[in-house]
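Copied from TrEMBL, the annotated features are:
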BINDING   244, 311, 312  Zn(2+) binding site
DOMAIN    12-326  domain 'Hcy-binding'
């Protein structure tokens, strides 16, 4: 684990990017692959349900993404919250242990992957990092509000800080390399995260990743530029970017982020499908193929993206294609050093 005590979060991320040859590959959709391996995720806990029922499947999916060339695997804690586990009858201690378990499973997968490659004398990609996922309050609600940012009366900064505080502390104490604040749907939650990072004295590099449905603003209608500025001003945030957003919007969103920050930019779009919050399903007709998805990668690299992967409905095949594209040599520009 690389903390920020000896340097800022941005510097830590830049060192990892340099170690990866100028780009890092993130993993892809977790829930998609868990379901493909037989998991039933019809539950408010979503992929976090597997922390209870089938942790071996989570480990397998992490391994699949590492085999596909991912440098960063993201834990199964996106929809895992103390409040959510307690609603299922678990004690606070048990709930915290499940959060810790999400990081432990990812770290075990990394160790297994490295051991297998060492035993077979096959070089493995470097570095390999574990990012602890923190989904928004809307993800906990499981009502689609992570795609609208509308939390109603619960939408106060202090409420959101109280909701996330202990979860952040437990995940940080579990020893990930990064904290991934994902699918941030509104400016208020970004502000809450910044204050929590300071108040909880977190020394692990974080990234902030927002989502957009119009290619201009984030899903709440808040300005992406204002949200990216919030992340830029926080020394504990090492990278800023976009996830769970159609690939066709990414080019413009990267350019908007670049206007207000020199921090490394990460992007991991969904397949282009649209999530129907009422039906709680993805509308497949709006998606793109792996080939179409990967065709954007060269453009994203030229725009300045340093960490690239996939989100919902992307698979190890998607990540394998991204890894192959980034290693062809034509995109080997180095990330500028601040």
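Cβ from N, Cα, C; glycine included.
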Of the binding-site residues listed (311, 312), the greatest number of other CB atoms within 10 A surrounds the CB of 311
Compute the centroid of the Cβ atoms of 244, 311, 312, then list the same-chain residues not in that set whose Cβ lies within 8 Å of it, in sequence order, for the Zn(2+) site. 29, 183, 211, 243, 245, 268, 269, 270, 310, 313, 314
For the domain 'Hcy-binding' (12-326), what's the model's average pLDDT? 91
